[in-house]
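A.B. asks: Quick one: the structure is below, questions incoming.
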Amino acid sequence: MIQLRLNSIKKLSTIALALEVERTRTELLPFLTDTIYDEDEVLLALAEQLGSFTVLVGGPEFVHCLLPPLESLATVEETVVRDKAVESLRKISQEHSPVDLEVHFVPLVKRLASGDWFTSRTSACGLFSVCYPHVSSTVKAEIRQHFRTLCSDDTPMVRRAASSKLGEFAKVLELDYVKSDIIPLFTALASDEQDSVRLLAVESGVSIATLLPQEDLEDLVMPTLRQAAEDKSWRVRYMVADKFSELQKAVGPEITKNDLVPAFQNLLKDCEAEVRTAAANKVKVFCESLPEDSRETIIMTHILPCVKELVSDTNQHVKSALASVIMGLSTILGKDNTVEHLLPLFLVQLKDEYPEVRLNIISNLDCVNEVIGIRQLSQSLLPAIVELAEDAKWRVRLAIIEYMPLLAGQLGVEFFDEKLNSLCMAWLIDHVYAIREAATCNLMKLVEKFGAEWAQNTIVPKVLGMANDSNYLHRMTTLFCINALSEVCGQEITTKHMLPVVLKMSTDQVANVRFNVARCLQKIGPVLDSSALQAEVKPVLEKLATDQDMDVKYFALDAISVLALA
């Protein structure tokens, strides 16, 4: 039943077109306004539809006809419905003429703002800013008064809505009113008893700071923001940390030096891990935006000591957030400082117990490489990477394998061949299957990066050499590698170099190897040309299809049917 009503609401525009504009205004809209008692999803669809109904009621001249149903929707209990109704009201407010705004839209906002239920008053908060710029000064004064009243409403939900829209409302006000009306409201909301109101005031405070001239910031906004950075609720401090770079842009270099640097230090040392994580995420952006003349000094004396502590933080999310940005400091601090101060921190994080921390360091090696060069990087960080690659815990080895294509791309082919190629080959004969499997996949990604010619010279000979290994597991790894490499290496290398080895292995003593030969031929078949398939592959598969082992027989017959060789 709900689905039927939902479908009819979604086709409302079709119904309106059939009724034409006159009947839509006089019959459909009153019907919708009177029957607004339905399931939330139906109301949500209705609120959305009405936002694009202007043309269907006869254009901007009659757009005010849409206000009654949307006004009802803006007062319902379900938040998503109210939000959608407000969104549609904001949208159609743009289509009202200034006269219609004063006659129809502003009275609606006032009714909502003085409604008995908090639901209508929260909805009103989102509508002040859209009508304010287009009305007369008398009406503007009334709108400001209504907004002031909502900011000190008894219900926290209303104050929260007002707090979240304060910055947006400030943007459309004249500067004098920002100072005389908005700043006192901001100060009051930022010291509200509810932390959910205070944290939204922080966000608005950042927007307000962008509107004020530099000389007013220190007196009007900074005391409140300073207080927010030390708020007793971690959520408020978190919001300050999260909006720190926007705040930094808004207040300019002087206030940043005097006020924001100490505040940022405190946030990096906060007792709550969530706050430290948000602040750690901003380290690079904050440092980049510091005034150039004192940037290095501030970082070295104030920020770096805090960063050093965070590297060994007890919380993995803090360390992970820091690892994702810390490499960016190298471009700001230059070669000498990076080598002396940052490299030791990178090394600590490379050996961190949490894989995400290690990954974030390896993912950003390229920006350090640009500053200190590949040689320096290889001397300092690569031994740590090699150590992890040979770690006793197989999960650690697995993590390094997954980073290898990324590292290869950052370090370049010559360097990779010299330092890391032997590692990649050693993983193919690891005693843990998951490592051998990941190493095979890794080879494919490396060939995608470095090309088929590189594969033919450096990888393929070593892989094919394993076909004669005394350990049958290593011989099987050869087949798995050929499965992975045939497509990226292309037809010529597969036919000329890989196929003969696979065919030779079809007479292996071990049944597991023989049935993997059948599976391998099935996999590489599409890469080969039809003459090779008929002349070389078909006889071998036919022979395997008469094998004594059931599994060998099964996979050989399967390959014959898939490759259509029967």
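The backbone N, Cα and C atoms fix where each Cβ goes, and this holds for glycine too.
The annotation domain 'Phosphatase 2A Regulatory Subunit A helical' is assigned in TrEMBL to 62-247. Taken from TrEMBL, the feature repeat 'HEAT' applies to 66-104, 143-181, 182-220, 221-259, 260-297, 303-341, 342-380, 381-419, 459-497, 498-536, 537-566.
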A.B. asks: With Cβ-Cβ distances below 8 Å as the criterion, list the same-chain residues six or more beyond the ends of the repeat 'HEAT' (381-419) that contact it, or say none.
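C.D. replies: Sequence-distant neighbours of the repeat 'HEAT' (381-419): 343, 346-347, 350-351, 355, 358-359, 362-363, 365-366, 368-369, 374, 427, 430, 432, 434-435, 438-439, 442, 445-446, 448-450, 454, 458.
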A.B. asks: Counting by DSSP, what is the helix, strand and coil composition of the repeat 'HEAT' (342-380)?
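C.D. replies: Split by secondary structure, the repeat 'HEAT' (342-380) comes out as 34 helix, 0 strand, 5 coil.
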A.B. asks: Who are the chain neighbours of the repeat 'HEAT' (260-297) in space, where the CB to CB distance is under 8 Å and they lie at least 6 residues beyond its ends?
C.D. replies: 226, 229-230, 234, 237-238, 240-242, 244-245, 247-249, 251, 253, 303, 306-307, 309-310, 313-315, 317-318, 321-322, 324-326, 328-329, 332-334, 337
A.B. asks: Under an 8 Å Cβ to Cβ limit, what residues of the same chain, 6 or more beyond the ends of the repeat 'HEAT' (66-104), are close to it?
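C.D. replies: Same-chain contacts beyond the flanks: 29-30, 32-33, 36, 40, 43-44, 46-48, 50-54, 57, 60, 111-112, 115, 117, 119-120, 122-123, 126-127, 130-131, 134-136, 139.
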A.B. asks: Looking only at the repeat 'HEAT' (381-419), what is the model's average confidence as pLDDT?
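C.D. replies: Overall, the repeat 'HEAT' (381-419) comes to a mean pLDDT of 77.
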